[in-house]
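Q: Provided herewith is a single structure, encoded as structure tokens, for subsequent inquiry.
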């Protein structure tokens, strides 16, 4: 086809008219060094603290050090193929993770990507991992309980919704077991759970996921994994990712429980990053802001007011408070609670459950030391029936420990002392509990009633466990409606007291155990 000169000029004019000049400003820089997951970048002028920097190969780094002539960033993922001279680019975005109900029942990594082989996740949106905690006015006091199902915890160190309760102890003292049982006990309570595994073996995490599935608790739990094989950056960020997922429920007037297992390993990961970034080390080589590392995380666990929820949901949810309860775990070395990270977290939290290796090794499990375990705000949230009946437990144990130490040196003891020692031994025996067998409020109330009103006085020490099992079986079979109602209401009055008395009287009179 032949075109004459006029047609050609018309075509060129038409193309020129259609041409648009698109100016796209990109903030790019160049990698000048790569070492141990830390990259130094030259040429990024408008980068924010914590901003995501796009790397070659669909990967990201997070800007942590903003210096005069370079930026120190930590790589999220493998870094072995990164080299000097590679070009990187600012994204203008802070790290966000997917949030929503679609994450329940799933196992995800720090960035919210599924790692359980169950396909894609339908999330409800994204949330920044770093959020400022609710202010004083937006909060509400803690007055609703979180039942762990453990007699020793719910009676002596009760936990409320919106509280931060530290679980602290040496390795192999049952810290994770206590937290996992607390999650299992929420399967029918409506509390959504998030379990954040930091620096653990993949086999250990797989075992936890399997146990949650076996006990029907995985369907309302999100498992966030930053295993020992992951980079220090992902281990450092995992708790913040899990917290953002929990805040989704809190801000919509629901209740959530988050377990950080454990924050000692997160602090070590952060120390590694800080030293590689050449930040000045302080006590135990931790950086100066290691307190802020944990305080800004744990302050996000709170109970928020109806007004806060209504404002956040733009009026969709009215008259509901939301809560995020945190159970951070800290591992101590040879029972040293005065080390840097343990003292920091103790001062941030609203109480601690101290697990002792001596108690654990002598068969007292959960190995809760009632002398130094406290709950600073949970007392107001304790159910009425447990609060009323558990009053004498801590006193009995304190007196028993004092007398037991004294009795080692005394040859003959008077009747009153012998009675107190026997009572203390029986209370200690009764507070023992197997893993994966949480008790309901009514079951705990019945057992505590038996202690409080002397029903164990004629029971031999080695028969306490058998007595308890038979009593609970009898009550759940013959008084099922009463037990269900007591668990639901948690009230305590003369009528309930008389019914509990009747249950125990009839059990002791008619049942052989």
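Residue numbers in this text run from 1 along the chain shown.
Note: Cβ is positioned from N, Cα and C throughout, glycine not excepted.
Keep in mind that what you see is a predicted model, and the values were worked out from it rather than measured.
Taken from Swiss-Prot, the feature ATP binding site applies to 169, 170, 171, 172, 173, 174, 175, 176, supported by sequence analysis. The feature site 'Required for activity' is assigned by Swiss-Prot to 373, with sequence analysis given as support.
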Q: State the count of C-beta atoms found within 10 angstroms of the C-beta of residue 170 (ATP binding site), not counting that atom itself.
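A: Around residue 170 (ATP binding site), other Cβ atoms within 10 Å: 18.
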Q: Give the distance between the Cα atoms of residue 170 (ATP binding site) and residue 373 (site 'Required for activity'), rounded to the nearest whole Å.
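A: Approximately 15 Å lies between the Cα of residue 170 (ATP binding site) and that of residue 373 (site 'Required for activity').
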Q: Would you count the other C-beta atoms found within 10 angstroms of the C-beta of residue 175 (ATP binding site) for me?
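A: I get 25 for this one.
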Q: Counting across all protein chains shown, how many other Cβ atoms sit within 10 Å of the Cβ of residue 173 (ATP binding site)?
A: 26
Q: Whole-number answer please: how many Å between the C-alpha atoms of residue 169 (ATP binding site) and residue 373 (site 'Required for activity')?
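A: That separation, Cα to Cα, works out to 11 Å.
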Q: Within 10 Å of the Cβ of residue 174 (ATP binding site), how many other Cβ atoms are there?
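A: Taking all protein chains shown, residue 174 (ATP binding site) has 20 Cβ neighbours within 10 Å.
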Q: From the Cα of residue 373 (site 'Required for activity') across to the Cα of residue 171 (ATP binding site), what is the distance in angstrom?
A: 17
Q: Within 8 Å of the centroid of the Cβ atoms of 169, 170, 171, 172, 173, 174, 175, 176, which other residues of that chain place their own Cβ, given that this set defines the recorded ATP site?
A: 331, 355, 357, 360, 367
Q: Could you state the whole-number distance in Å separating the C-alpha atoms of residue 174 (ATP binding site) and residue 373 (site 'Required for activity')?
A: 15
